[in-house]
Amino acid sequence: MDLIRKNYAELVQRMGRTIAVQITNDLFTRNILSMGEMEEILSCKVAQDLTRELLNVILKKGTESCTRLLQSLENQDPFFYEDLIGQRVQSGVTEEDLENLADHLKRLYQYPFFKKFNPLGEDTDIDIIFDLDRTFTDPLLWRKGTLNRREKQLTLSEMLEQLESPCVIEGEAGKGKTTILKRIAMLWASEKCRALADFKLVFFVTLRGASEGLYETLSDQLFPITYSWNKKEFLNKIWHLGRKVLFLLDGYDEFQSESCTEIEELIKNNPKFNSTVIVSTRTETIGKLRRCGALIAETSDFSLDNAKQLIANVLEEDEANGLLFQLEESSFMQNLMKTPLFVVIACALRMGESDFQMNTQTTLFSTLYDLMVEKKKYKIRHLSANILAANIRKFGDLALDGLFEQRFDFNEKHLSKIKEEVLLNIGLLNKYTAQRRKAVYRYFHTTFQEYIAGRRLSQLLSSEDNSDVTKGEDFLNKIVSVFDITTKYKNLLLYTCGSSKVATQKVVKHVAEVHKHDKNNYSTELVEFGLNLFFESSTKKELSQDFETLFSEKCLYINSHNISSHHIEFFLYLPNCLSALQLIKLDLSGTFATVPSESTMDRDSKSAQSSVCDNYIPEKAVKLFFDWNQSIQTLEVTLRDFHQLNKKDIKYLGKICCSADSLRLNIKRSSGITGSLVGVLESCKNIQDLNVDSTKLSIEDERRIVQMTEMKTLSILNLHSEHLQGGLLEGLCNLVGLEKLVFHNIKIDKNDAKTLAEGILSLKKLKRLSISHISNIGDGMESIAESISLCCHELKELKLIDCCLSAKALRSLGQSLYSLSHIEILDLSGNYLLEEGKESVEELAANLTHLDAIRTLMLPGGTDVKFCLEAVLPTLRRIPTLSELAFKRWNLTNDDLMTLASYINSGFENLSFLDLSDNCAQSAGWLSLTAILQYLPNLTYVNFSTEDLFTPDPDLVRKLVRAISALPLLHTMELNNWQLDDFDLAQIKKAKNMIHR
């Protein structure tokens, strides 16, 4: 007993955990220790604590128990026992001893025990193991200077080649610091790293488990049980080796420096020992090491490739593919995966554990949160559960207040009611002191602050305490626009709904109420947000009626390449919301690759077939729309860049389209449709609208189109093939239910135009007609204009743009305006009248008073139309509904603009769009017009572009800047051909931040 008391301190320092555990087990088998005593001793995490507890228990039991302990020590560690009783004949540490130790360490660093680790921490109950051989990805590090700024990016190899001691590896939680140090040890053990070849010994030390001295720590963590040297001799030998010894010290942020001053000295007074040191630490403790660090390297973010490599190496193929797909479809996930810990947690959630299903962002953060609190409980075990819970609540309030104040940096004042040690020790908060007078605190990830805030808001909204509920609702009421809902507070609301069904119900109700009173139309953004909100809430069908208010009479866009779990669950669990949607847009895209030539297909049919197969409509799109029993109001399907379409595609398309009551079909740049459109139209009998763009049609296609007598809309765009006799134009008369007809940039001649005119005679229900960018049709427009005048009395929108409109055709239209009284939009721009233009425009203007509802008037240009300006303007002034007006290519001069200005200053207050482009005025004319802009307060668009290059006077620019700055709604101003210098542009951008083109 006296021997133990006399050598108590040395026993505590030198025994080590391994020997202490073996002695404890031995004494239990000899019935000296009870089961309870053994469990109490072994529960100690730190080696010295375990040894101290063992000695205290034995000393209380008396002399016989002490004798048994010494006997056990003699059996387990005879060298230490002989040292203790003074019988050991000391021998020096030989070169052979060091060689044997080096061999032992190299074997240790190659053992599974060292290479395999639990990425979620040894203190968790989750049995997931990673292997460094498979999971390590080459990290990037930032070299930092004295001012704590990133100076240069380094690979691990480059850092080792430039190594200076002590080297500090800095990084936030989960950034892979431990992995880097272990990798260095493994590289040394492999003897394949040139930068590490000169090191005779490499010691990897976990500072959290450090003993009361450096030698004791090495003995406890690394030495073989057969070592036969004493502390003084060994350390002297190590110090003589100098820079040839590398210490890898992991986790300075968890190091109790007062318990092991030797290691603290080794780091901070490194020149005294002359050994090489690499130490890792978290950001909040970097301030303790910056002064002594010769090289400070900060761990960089994971690249997307790093994340993908880790996922592929860790998971089984099916599990990896699922997570990789989720990573591809979510920019949010890509951002999170920059932090290795998030990749690890995402992998853990995919590993088939029943408690870990990777469904939502909330799941990821909730798992991380629980792990951090559970893993670091040992650091705060001295605090009661009530104190911990209170600080966690205040921590949530801090996050919530910060979000609504747009604050992500906090100071000591903000943490005045919180125990700082709780949050720092758990790892929920990071502390930054480098190059700062006052410490700054941040959540270790911005999105993590949003999660903590959402978690807290969810607790408030679902609380049984009315004061908490009121507090939560007060936060919700601060969100007053759809824009804020879908941008600034998007993640906050997602995490709120991901944490509670009750909170979800209240959030959905609030969002619907905000949208109801928001004057701006953000319907598309709101639907996308609602989709994410539903998925995050994991409520399935429970709140289907609540969600219906978010989707009613709105539009949902889906791209076939980005069909996600959100869409699948939405279709599966919320069919009532699908039916409530006014429109669903489905974009089916083929490949953009060049279609193989016939010769290539003959030479390599397999390759060609593979290329073609890439164009197939994906099965997941079919399953999404076909596997349910509700009905969509309107479905708009776009086939884009399909270079091949086979029977399977047509069948799939039919299955998709049959789910809707009404179908819109858009075909763009799809050569594979040519000749196959017949089959498509046969399988999609509910087509109401058909739009064909840059896709050639066969005669069979055209004939099938004109048989679709129930069709409401037909648009043919950018078709440069010759007109096929007996096709579309000849059969147009069959489409008697047509309400909208568009021909844009198609190839037709004079005779084709007359055929088109004959077809228009039958379209008595037509409400919108657009013929644009068509040339070489001679006087064919006269026939078309006559047909419009005779039969299209229901027209609301008439656009005849750049289509060879003649004065005669214009006069025909003008004379019939009394029968076209429903027209709201009349666009005749892009046409240039050569003869009798003045008279025809005058006649048109005189009859505009018959158009009670006209809002848009784009007049044609011409050689002499400017001479009717004074006759036209009084008529236009008498049209109160006019909001858009164009005098493009009117050859207006300074005098003409002055005339225009004299009329526009009164009676045109509702004008929002004014196009005066391609005219001939100079500064004086533009000055007169600029002066009256103040009388047009509703202007949103102005075009003052000139036909020729124009250098404005400085006074014009100054007054124009003043004028546009006073127009609150103006967002676009075109000044093409104005020669503006940098000073001019700077002033214009300062006034409205608009770009000169």
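Keep in mind that glycine also has a Cβ here, set from the backbone N, Cα and C atoms.
The ATP binding site feature in Swiss-Prot is assigned to GLY171, GLU172, ALA173, GLY174, LYS175, GLY176, LYS177, THR178; the stated evidence is sequence analysis. Marked as domain 'CARD' by Swiss-Prot on the basis of sequence analysis: 1-88. Taken from Swiss-Prot, the feature region 'Nucleotide-binding domain (NBD)' applies to 95-300, supported by similarity to another entry. Feature annotation from Swiss-Prot assigns region 'Winged-helix domain (WHD)' to 358-465; the stated evidence is similarity to another entry. Positions annotated as repeat 'LRR 1' by Swiss-Prot: 550-570. Swiss-Prot lists 629-652 with the feature repeat 'LRR 2'. Taken from Swiss-Prot, the feature repeat 'LRR 3' covers 708-731. Positions annotated as repeat 'LRR 4' by Swiss-Prot: 735-758. Annotation comment: Swiss-Prot describes 760-785 as repeat 'LRR 5'. Annotation comment: Swiss-Prot describes 797-820 as repeat 'LRR 6'. According to Swiss-Prot, the feature repeat 'LRR 7' maps to 821-843. Marked as repeat 'LRR 8' by Swiss-Prot: 851-875. Look at Swiss-Prot and you will find 884-905 tagged as repeat 'LRR 9'. As annotated by Swiss-Prot, repeat 'LRR 10' applies to 908-935. Positions annotated as repeat 'LRR 11' by Swiss-Prot: 937-958. Positions annotated as repeat 'LRR 12' by Swiss-Prot: 972-994.
Features per Swiss-Prot, on structure.
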| residue | record | Cβ neighbours (10 Å) |
| --- | --- | --- |
| GLY171 | ATP binding site | 24 |
| GLU172 | ATP binding site | 18 |
| ALA173 | ATP binding site | 22 |
| GLY174 | ATP binding site | 21 |
| LYS175 | ATP binding site | 25 |
| GLY176 | ATP binding site | 25 |
| LYS177 | ATP binding site | 25 |
| THR178 | ATP binding site | 18 |
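Within its own chain, the repeat 'LRR 8' (851-875) is flanked in space by residues 796, 801, 805, 810, 817, 820-834, 837-839, 841-842, 844-845, 881-893, 896, 899-900, 903-904, 913, 915, 918, which lie at least six positions past its ends and keep a Cβ under 8 Å from the stretch.
For the ATP site, the Cβ centre of GLY171, GLU172, ALA173, GLY174, LYS175, GLY176, LYS177, THR178 serves as reference, and the other residues of the chain with Cβ at most 8 Å from it are ARG282, THR299, PRO340, LEU341.
In the three-state DSSP assignment, the secondary structure recorded for THR178 (ATP binding site) is helix.
Residues of the same chain lying 6 or more positions beyond the ends of the repeat 'LRR 7' (821-843) and with a Cβ under 8 Å from any Cβ of it are 767, 772-773, 793-808, 810-811, 814-815, 850-865, 867-868, 871-872, 886, 888-889, 915.
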